[in-house]
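Step one of this worksheet: look at the structure below.
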Amino acid sequence: MERENGFKEDIGQIGVEPEKIEAAKGTLAQTGFAEGALEHDQKKKGSFFGEILESVAIAVILAFVIRVFLFQPFYIPSGSMEPTLQPGDRIIVNKFLYRFKEPARGDIIVFKYPRNPKRDFIKRVIGLPGETVEIRDSVLYINGKKVDQPYLPKGLRYGSYGPVKVPEGSYFMMGDNRNNSEDSRVWGTLPRENIVGKAMLIYWPLARAGMIK
């Protein structure tokens, strides 16, 4: 009996061990679940910040592409284009338009100053490649024919100039403020490759916002 009881007691004791093991397994399972939940939360946080960084990177790249290849804001520092553009105006320049078409007479263009390409100038296209430009007593003539300039103040006097022939691949540029503009009358014609883009609109100040003509 004793041996049997002892044996039974041993079996009883052995029989308890699996319960402890199961309990331990349960504890480990619960711990594993908690760790898994923590890891999942960390992944969520990592994914969230990753998405933010990705969005910021995309925004920066898009801004770079837009500025370099499509549109760029510029600030008007002087009165050489008055009354069309005033000092302090902020404008948007279309940088891709002239990839598909040639500048037209009357377009207002931002370009690299031929005497110092690090500087940006803004003037109006007056003479096209191959044309002869002449100013006689404040009247503009292209190839001997009078050209109206409705953007200039009536009665503006700005002397005489020329005639000069515009080389192929170049443009004759003048500021609307004819008596206060350093333009093709001073530094010659503008090479096509110096053109940055066409001035499209004024966006600031709001009171002057609108398309540029």
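The backbone N, Cα and C atoms fix where each Cβ goes, glycine too.
Automatic, uncurated: that is what TrEMBL annotation is.
As written in TrEMBL, here are the features:
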- Ser80: active site (ACT_SITE)
- Lys123: active site (ACT_SITE)
- 51-204: domain 'Peptidase S26' (DOMAIN)
- 52-75: transmembrane segment (TRANSMEM)
Cα separation, Lys123 (active site) to Ser80 (active site) (Å, whole number): 8
Ser80 (active site), number of other Cβ atoms within 10 Å: 21
Cβ-Cβ neighbours of Lys123 (active site) (radius 10 Å): 24
